[in-house]
Structure formats: C-alpha cells, structure tokens
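Asks: I have a structure I would like to understand better, so I am pasting it below and will then ask my questions one at a time.
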Amino acid sequence: MPIVNVKWQKEKYVVEVDTSAPPMVFKAQLFALTQVVPERQKVVIMGRTLGDDDWEGITIKENMTIMMMGSVGEIPKPPTVLEKKQANRDKQAEEISALYPCGLANLGNTCYFNSCVQMLKEVNELVLKPAEEMRIREHNDRLCHNLATLFNSLRDKDRALRSKGEPIKPFAAILTLSDSFPQFEKFKQQDANECLVSIMSNVTRIYGLSGWNIESLFRIQTETTMKCLESDEVSEKKVERNNQLTCYVNQDVRFLQTGIKAGFEEEMTRNSEELNRDAKWQKNTQISRLPKYLTVNINRFFYKESTKTNAKILKSVQFPMQLDTYDLCSQELKDKLVARRADIKLEEDAKLERELRKKVLDKEQGDKIFDDGVALPTAFEDDAGSNNSGFYDLKGIITHKGRSSQDGHYVAWMRSSEDGKWRLFDDEHVTVVDEEAILKTSGGGDWHSAYVLLYEARVIKQFPELPPAPVPTEVAADTAEPMEVSEKQ
C-alpha cells in the first residue's frame, strides 16, 4: 500500500492509503489525525476531488502529496464584546478541562474496545514518537499502525488543548480490528478480555519486528508438575509462557490471590502408566518469571446452556492496590527476589526518618530531603522487562456492568502515568475518581465488577543517609555550658 503526504493547513501528515477499501476509510484516517469530520473534508488529488465511495479516475502514487481542506468546527464569526468577556472569564476553566485525557466515542457497542485502548495507552512503552511510527508502517499491519496512532493521540496534551476535550472517534482502528480478527464483528458487543488478548498479540508481534521487545514486558513463565496421589509417579516439568494470569471464581474464592492459586493447585483424574489405570493426580504450578506489567483476568463468565449466553458470576472478589506475588513463585525465583525485597525495608525506614525530620524543618527544606530518593531498577540485569521484587502496584482495571459478556457495558479505570490520579474512562466521558471508588468494583451485585486488572512492577527507591539533625535554637541555649566568671582578688 502506498504511503502519501497529506497537507492540511500548516500541518503535514504521512498516511498509508489502502485503495482496496472505500475512500471513506482514508477519510476516517485523516479524521483521526486532524479531527476534521469526513463530511467537512475536501481531499484533492492531482486536481480531482476525492469522493466517498470509490477511487474512480484517481491514481495513488508512492510519496505523492495530497491536499486536504476543511475546518475542525464551524467557521468562527467575529466575537462580540460580550463574547470576548465571557471567553476571558472561562479561559482558565477551559484550559483546565482541556488537560483532561481525551475519551473515545462509542461508535455503537464499541465500549469493549475503548476500555482496552484506554488501558494499554497507559503502558509508556507502547506510546511511540512520530518518527518511530514509521518503523511500524514498514510491516504493513494496519491494525498495529492505527493502534499506535491512537495511543499517541490519547497521550498528546497539545491535541487535547486543540480539541478542548472532544472525544476521539476511532473509526480506522475499529475497522482494522475486525479485518485482523473476524470474530470482532463491527459495532457488536464483544468480550473485552478477548479483545485485549488479541490486541496484545498483534502489538507485541509487530512492535517486536520493528525493534521493540514489548513481549518481555508482559511475559509470564510458569512451571507445572503433576504427581500421582496413588503412587510415586511424577510427570516431567512443563514450562509455559503466557501474557495473563487467571483468577478462577468459585464459592470459596473471596480474594484475588486465592482465585489465582485455585488454578495453580488442582486435583484431576488421568491415566497412570505405573498403575495402568486412571488415578488421581495433583497439579502444581509455580511462576518462574514475572513481567513488568502483570494482567489478571477474573474469570467471571461461564456458558449457560439454558440461555445460550456467557452468564456472569456476580460474586465479590477483592483485589489489592499492592499485590505481592512471592507465594506464587518457584523456589528458584524466590531466591532471586530476596535482594530487591530487602531494599523495601530500607526504603520504608528512610521515608519514616524523613517524615520525622520534616517536623523540625521548614516546608522547603523538608520537601527537598523527602524527594531525594533514586529509583532502583525494577528488572533483573540479565532479563529486560522482568520484575525483580515480586511487588506490584495496581495501574488499571476494566470493569463490566451487566449479566453476560455479550451485553452490558465496559469501562476502564486507570491511574495516570503522569500525575498518579485515578480516572474513569466511560467512552467519551472522563472523570477523576478516588481509590475508594476503585475498591468498590470488586463485584457482588449489578454495579461495575472488575474483569481485567493491570499491575505494574513497584518502583523502589534508595535514599541517601541524612546528615545529623539540626539542634533547635531553644534546646541549644538550654544545654550551653555556663561561662566561668573570674573572682576579683
């Protein structure tokens, strides 16, 4: 597919054109870049105006220049005096609201896709610079290219200011999603976790071909052994790689860690060669490699034959804001985690010492010593993208509200990589929320239930030793030795 240069006002964009698709798809790409709706676009190619339905009479050549005309909104009229006063009055409020991250418009049952994109866009390694996007285009994968463009648009503060918080309409990405994965029919509700897994498989593969080892950031490695409970027979160790852990939900599961362990330790019936019959076996799985980003699917849906739907388990499953995976790991990995975990105690002691010191210093001096920690590496030196402590901080959640995976509503709750605040991304609506709202999504009713969790490796800081504390003036005066006075002879 040819790559062309599109000039619009003072901007210039490099766009890949698929002439096998209707021109409306190309105009949707331009809309994603400029926010000029297709109805207001006038695209001129070699003196001809491009229509919406076909490319008849128009030939697209590599690196050719295409002109586009059209404004984002209505052509503004000269403001009246009252309008100028109102604009000045609202300027500060508009700038603050414009800095809120952009939402994604629901194009018709596309909330499942929007929540996945809002989750992945907070993974800093997936947000590329414009020059880096060119390397993605070289692999002729339109879905990955459109997703990379979408991640950038959602993290672009300048774009947010220009659009004043207007939501992005992800036409191009939705169209190419269904092309790459036919199970996601256009504008039909789908399973958000299935969508997330599909997007991650595409992105990790194409980014990897382009020189970025994204796969290592999500890869979990497990070791599984099987032991016969009726003999001494033990199966060979099986090593598997996955991009996600599963929390199985049953009547005994109330906490996330319990549900994960339920899948790691199971009894089952299988053939025993030693006994020459079926026997009971114990399966034991342990994690031998932890990634920087850990995704966990709370397995809330099951196929209900009577209604022929993926019905939802409404049971509450509590999840932590800080997750410790140490007990899920193999002994070999546990031994490797010990060193960085010891740094956590040192970090906590240093923070406590600084809190006490701040009480005897002014605010400016106290802030300086409190923020003097240096972040330690979160990965092992010989394993990029790993987690060397076993500790994670919750970064985001995809929740579902409804009774089956094919209906209801999906939203994303994300902690910003920039300001650390939690925000609810409900399609085009973006609001700031607190941790209490996050913890309420554990389930147990018809409210939003956590379905997919994204954890990020905890950043541990190393603090320098503080200088001796200054002695308060009053104390120094009280403890000073009395001066000797000589007696007159």
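Cβ coordinates come from backbone N, Cα and C, glycine included.
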Asks: Which residue range, 122-144, 329-351, 421-443, 467-489, is the one Swiss-Prot calls region 'Disordered'?
Replies: 467-489
Asks: Given CYS111 (active site, nucleophile) and HIS409 (active site, proton acceptor), what distance in Å do their CA atoms have, once rounded to a whole number?
Replies: 7
Asks: Using a Cβ cut-off under 8 Å and a sequence separation of 6 or more, which residues in the same chain sit near HIS409 (active site, proton acceptor)?
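Replies: Looking at Cβ-Cβ distances below 8 Å from HIS409 (active site, proton acceptor), excluding near sequence neighbours, one finds CYS111, HIS400, LYS401, GLY402.
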Asks: Within 10 Å of the Cβ of CYS111 (active site, nucleophile), how many other Cβ atoms can you find? Include all protein chains, please.
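Replies: Taking all protein chains shown, CYS111 (active site, nucleophile) has 25 Cβ neighbours within 10 Å.
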Asks: Just to confirm my parser: what is the rounded mean pLDDT across the domain 'USP' (102-458)?
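Replies: Averaged over the domain 'USP' (102-458), the predicted model reaches a pLDDT of 90.
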